[in-house]
Amino acid sequence: MTGIHVEGLAAIALFYVLILAVGIWAAWKNKHAGEAEGTDRSETIMVGGRDIGLFVGGFTMTATWVGGGYINGTAEYVYLPGYGLAWAQAPFGYALSLVIGGLFFAKPMRSRGYVTMLDPFQQKYGKRMGGLLFIPALMGEIFWSAAILSALGATLSVIIDINIKMSVVISACIAIFYTLVGGLYSVAYTDVVQLFCIFLGLWVSVPFALNNPAVSDIKISAVKEIYQAPWKGNINREDTWVWIDNFCLLMLGGIPWQVYFQRVLSASSATYAQVLSFIAAAGCLVMAVPSVMIGAIGASTDWNQTAYGAVPPKERDQADMILPIVLQYLCPPFVSFFGLGAVSAAVMSSADSSILSASSMFARNIYQLAFRQSGIGHRDRVGDARHHLCVRGPGHGDGVANGDGVRAVVPEL
């Protein structure tokens, strides 16, 4: 293993230690949150005591959407010949999704005090039927987590030549640990650090890549073919409906997502829940800018002048790794490690949110409200009987019906 690889491993290890420390600190700082108000501990873990403000809330909601797949995928589509910026739909699709969620769903959900997005469905259609909706939600979280962890593994394999499986397992274990310890508080506070790392890491890399001798002027390559088709891209008439379909998927598909509503429901007020959505929408657009520029740089590079070789990434079927390739071959080693930290931060910020999202829905909507339905129902029926007794008074009879056709003797109530 070369010295550069050792430095890369040291840099990523330091980053992971920082994230783990922040997650544990957040858990310790808020270990008594919600106790004064008598809030259930599990609910505090899921929605953070509903006291997340605009600063932390804006960071955590933005960081959740800006994952490894987001920054890698945006750069990939800008780089790909025949697609380009015109097909990099995620930034605008995600931003509009957050705007729509803020306009129509954030305030009502927060005002009614739900804990997960499945709560209103269980109230409307019943606890077991509502619990079935957990299955597609879980599948979405699994596939999303797989995509972002894969992005991290590909990046690490390019820059520091580490085994993909090992990097994915270690990253997932760290995210699981601090999420398990502190719940939403740990996730939210680590998201602040992670979003800062994403912003700093990518923006530090861009000037070095732009000034590499192998890179042509991206303003010219946007509209004129130099090494490949212009990276501005275009939408052919026959592809219009495909473009529209993909855009609608991005714009509307992010709304029924527990990760989003977890932030909405943790806001300190219904108004804040709405404002957080708008802040995150702007944040998604801002965080996409360096990814777009890195994709444009990749499309403007004469790879024959780099250590990568004469065959460009698109011809090696490595277009999906254009971001780490640009970091590795067009930036100095220490700068590429900053970029590596950015990708790692993006992955961790989305992976921990997915873990918390899926576990929250299972704990509340499956275990508590579906599996333990009989027990909850019994307590509810006894409560109804007590209420009935208080209204009628003991002189009206020696017992009340408990809902199962069995009369309960008054002293037993």
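These residue numbers are counts, starting from 1, taken along the chain as shown.
Just so you know, glycine gets a Cβ as well, placed from its N, Cα and C.
Annotation source TrEMBL lists transmembrane segment at 6-28 (among others).
The transmembrane segment annotation in TrEMBL covers 52-71 (among others).
Positions annotated as transmembrane segment by TrEMBL: 91-109 (among others). The list of residues near the transmembrane segment (91-109) in space but at least 6 beyond its ends in sequence, with Cβ under 8 angstroms from a Cβ of it, reads 61, 65, 70, 74, 117, 120, 246-247, 249-255, 260-261, 264-265, 267, 270-271, 273-278, 280-282, 284-285, 288, 292.
Residues of the same chain lying 6 or more positions beyond the ends of the transmembrane segment (130-160) and with a Cβ under 8 Å from any Cβ of it are 4-5, 8-9, 12, 67-69, 72-73, 117-119, 121-124, 167-168, 171-172, 256-259, 320-321, 323-325, 327-328, 336-337, 339-340, 343-344, 346-347, 350-351, 354-355, 357-358, 361-362, 365-366, 369-370. Annotated transmembrane segment per TrEMBL: 130-160 (among others), in sequence order.
Long-range neighbours of the transmembrane segment (166-185) within the same chain, counting only residues 6 or more positions beyond its ends whose Cβ lies under 8 Å from a Cβ of the stretch, are 16, 19-20, 22-24, 26-30, 33, 44-49, 52, 145, 149-150, 152-153, 156-157, 262, 266, 344, 347-348, 351-352, 355-356, 359. Annotated transmembrane segment per TrEMBL: 166-185 (among others), in sequence order.
What TrEMBL records for 192-210 (among others) is transmembrane segment.
The feature transmembrane segment is assigned by TrEMBL to 240-260 (among others).
Summarising the annotation, TrEMBL assigns transmembrane segment to 272-301 (among others). Beyond the transmembrane segment (272-301), the same-chain residues lying 6 or more positions past its ends with a Cβ under 8 Å from any Cβ of the stretch are 52-54, 57-58, 61-62, 64-66, 70-72, 74-79, 81, 84-85, 88, 90-92, 94-96, 98-99, 101-103, 106-107, 109-110, 195, 198-199, 202-203, 205-206, 209-210, 212, 214-218, 220-222, 226-228, 231, 263-265, 312-313, 322-323, 325-327, 330.
Residues or ranges marked as transmembrane segment in TrEMBL: 321-347 (among others).
Long-range Cβ contacts of the transmembrane segment (240-260) within its own chain (Cβ-Cβ under 8 Å, at least 6 residues beyond either end) map to 61, 64-65, 86-87, 89-90, 92-94, 96-98, 100-101, 105, 116-118, 137, 140-141, 353-354, 357-358, 360-361.
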